[in-house]
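K.L.:
According to Swiss-Prot, the feature active site, proton acceptor maps to Asp226. Under the heading ATP binding site, Swiss-Prot lists Leu108, Gly109, Arg110, Gly111, Gln112, Phe113, Gly114, Ile115, Thr116, Lys131. What Swiss-Prot records for Asp415, Asp417, Ser419, Thr421, Glu426 is Ca(2+) 1 binding site, and it gives sequence analysis as the kind of evidence. According to Swiss-Prot, the compositional bias 'Polar residues' annotation covers 13-31. Annotation comment: Swiss-Prot describes Gly2 as N-myristoyl glycine. As annotated by Swiss-Prot, phosphoserine applies to Ser266.
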Amino acid sequence: MGCFSSKHRNTESDIINGSVQSSIPTNQPENHVSRDVLKPQKPPSPQIPTTTQSNHHHQQESKPVNQQIEKKHVLTQPLKPIVFRETETILGKPFEEIRKLYTLGKELGRGQFGITYTCKENSTGNTYACKSILKRKLTRKQDIDDVKREIQIMQYLSGQENIVEIKGAYEDRQSIHLVMELCGGSELFDRIIAQGHYSEKAAAGVIRSVLNVVQICHFMGVIHRDLKPENFLLASTDENAMLKATDFGLSVFIEEGKVYRDIVGSAYYVAPEVLRRSYGKEIDIWSAGIILYILLCGVPPFWSETEKGIFNEIIKGEIDFDSQPWPSISESAKDLVRKLLTKDPKQRISAAQALEHPWIRGGEAPDKPIDSAVLSRMKQFRAMNKLKKLALKVIAESLSEEEIKGLKTMFANMDTDKSGTITYEELKNGLAKLGSKLTEAEVKQLMEAADVDGNGTIDYIEFISATMHRYRFDRDEHVFKAFQYFDKDNSGFITMDELESAMKEYGMGDEASIKEVIAEVDTDNDGRINYEEFCAMMRSGITLPQQGKILPVQ
């Protein structure tokens with residue numbers, strides 16, 4: 001059973017009675033799983049070791065590293081296909097010849113839209129994975145939108161330890177290329193099978209990583225929509241390798257008040273409210289609950305020979321805690337499974353609450369603080385000169401709603417009293433929810449850095465300014481608009497007077513600050529800032545966090 005997706009409106013009875021068109025190839029059984037991890041027969045027999053069985057030896061076919069499981073959309077009416085001219089761009093930036101930047105290596109896997117390879121960066125020798133998507137296969141506007149959104153979300157979530165890092169997105173005349181961190185380890189279930197046995201404590205460690213991904217996504221305003229074991233890879237072959245979420249092809253930004261109706265996901269892991277076509281971020285919690293159930297007993301809780309049968313079982317919602325090995329599983333573990341698989345999404349536990357559950361907290365929680373994406377961005381912002389901060393504020397004011405969906409949700413999550421500003425306490429609590437362990441002094445430093453106008457709070461635009469820069473600097477049009485804002489007379493230069501005028505408008509225009517900016521940015525020492533100097537300033541200090549810790553992969 002691969003991913004399924006539907007863009008037409010069906011009733012719950014349509015889905016249960018089997019009138020929804022299947023996206024599964026006719027040469028495969030309806031409940032085919034993309035991995036042979038789960039092939040339960042009636043009665044289901046565990047295909048992975050459970051917490052009470054220690055010697056299982058399964059011969060598994062080798063799994064391509066970083067293989068993306070491609071989604072397929074199901075439509076009742078055929079749409080007129082899009083035909084691309086070779087001169088047309090999808091990503092909105094100039095074509096780049098990928099082979100000038102990277103040397104492509106062996107094929108790792110292939111999906112509906114393209115092929116994933118290993119690749120080596122020519123300038124550094126670092127090794128990555130390259131997912132090449134053929135543009136001629138993107139025959140519908142929805143396909144194009146999905147690819148663009150996947151790139152945007154991966155860039156937005158960049159910097160999280162449990163999420164695969166994207167290096168860059170490139171486009172040539174034939175393909176779009178996503179270059180990302182190469183996970184050299186196996187799939188989650190492959191590691192468990194190879195070990196032969198594991199404990200509840202080990203299962204708690206795994207689900208902690210999964211829930212951490214969910215919590216970060218939700219706090220940052222993203223719904224994953226396709227959580228399953230196949231979409232988690234180990235960063236390396238090391239015993240204590242980090243688990244990484246790899247596929248965001250079905251992910252969307254959370255829109256306040258929106259009810260989602262698309263049927264997406266993978267059959268075993270799909271929440272009942274998805275089948276009812278009315279859902280929100282809680283579907284990710286359900287999927288995490290299914291993963292935990294499988295970790296503890298070896299089979300999914302809702303099983304059938306067919307996809308229609310699986311959906312029937314999900315709607316019924318009867319969970320077996322009586323069969324082996326459940327009598328020997330702790331009550332605390334079963335309690336967490338029940339809370340994650342609560343049928344009513346409004347009553348379902350959140351990721352943050354699940355991470356506080358005694359069964360998870362009772363385990364060996366990692367001592368190492370997580371340097372979250374938000375925190376790393378704010379640290380970079382703190383180190384910037386005043387002109388750069390001001391330029392980012394100008395850019396933030398010009399961004400569209402589409403471009404800042406996730407950040408808007410994150411601001412709302414931090415602004416707990418809904419005042420429209422973030423106080424010191426709200427910033428401290430918000431960063432703590434993202435896993436950061438900062439001292440009072442460090443939080444105060446970040447607060448002072450983000451509070452551009454110095455009024456003691458961070459307003460919406462200041463927050464966007466301090467957090468959006470990490471993944472927006474390849475957008476030349478934003479940088480050019482910011483330059484034009486300062487260059488009032490359109491001379492092609494920012495003069496001392498123009499700089500003073502703009503900085504005073506934002507309460508930053510003391511003489512020392514202006515001289516400091518000119519001295520730092522004006523590299524040709526002519527007393528003014530040209531566009532090239534401005535661009536160099538905007539792009540300085542932008543690095544790919546975490547990359548050096550795991551690359552190159554040998």
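Note that the numbers count up from 1, one per residue, in the order the chain is shown.
Glycine is no exception: its Cβ is also placed from the backbone N, Cα and C atoms.
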K.L.:
Please report the distance from the Cα of Leu108 (ATP binding site) to the Cα of Asp417 (Ca(2+) 1 binding site), rounded to the nearest angstrom.
P.N.:
48
K.L.:
Of Arg110, Thr116, Asp226, Asp415, Ser419, Glu426, which recorded positions are close to Ser266 (phosphoserine), meaning a Cα within 10 Å of its Cα?
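P.N.:
So the list reads Asp226.
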K.L.:
May I have the list of same-chain residues other than Asp415, Asp417, Ser419, Thr421, Glu426 whose Cβ is within 8 Å of the Cβ centroid of the recorded Ca(2+) 1 site, in sequence order?
P.N.:
Met414, Thr416, Lys418, Gly420, Ile422, Thr423, Thr457
K.L.:
In DSSP terms, helix, strand or coil for Glu426 (Ca(2+) 1 binding site)?
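P.N.:
The residue in question, Glu426 (Ca(2+) 1 binding site), is helix (DSSP, three-state).
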K.L.:
What number of additional C-beta atoms lies within 10 angstroms of the C-beta atom of Gln112 (ATP binding site)?
P.N.:
16
K.L.:
Give the number of CB atoms, excluding that of Leu108 (ATP binding site) itself, located within 10 Å of its CB.
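P.N.:
Step by step: centre on the Cβ of Leu108 (ATP binding site), count other Cβ atoms within 10 Å, giving 19.
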K.L.:
Counting distance between Cα atoms, which of the recorded positions Arg110, Gly114, Asp226 is nearest Asp415 (Ca(2+) 1 binding site)?
P.N.:
Asp226
K.L.:
Using DSSP and collapsing to three states, where does Ser419 (Ca(2+) 1 binding site) fall: helix, strand or coil?
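P.N.:
Ser419 (Ca(2+) 1 binding site) sits in coil per DSSP, no helix or strand.
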K.L.:
Taking the Cβ of Asp417 (Ca(2+) 1 binding site) as the centre, how many other Cβ atoms fall within a 10 Å radius?
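P.N.:
Counting Cβ neighbours of Asp417 (Ca(2+) 1 binding site) within 10 Å gives 10.
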K.L.:
Across all chains shown, how many C-beta atoms besides its own are within 10 angstroms of the C-beta of Asp415 (Ca(2+) 1 binding site)?
P.N.:
21
K.L.:
If you draw a 10 Å sphere around the Cβ of Gly114 (ATP binding site), how many other Cβ atoms fall inside it, taking every protein chain shown into account?
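P.N.:
Around the Cβ of Gly114 (ATP binding site), 23 other Cβ atoms lie within 10 Å.
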K.L.:
Say we define neighbours as other CB atoms within 10 Å of the CB. Which of the recorded positions Thr116, Ser266, Ser419, Thr421 has the fewest?
P.N.:
Ser419
K.L.:
Starting from the Cβ of Asp226 (active site, proton acceptor), draw a 10 Å sphere and report how many other Cβ atoms land inside it.
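P.N.:
Asp226 (active site, proton acceptor): 25 neighbouring Cβ atoms within 10 Å.
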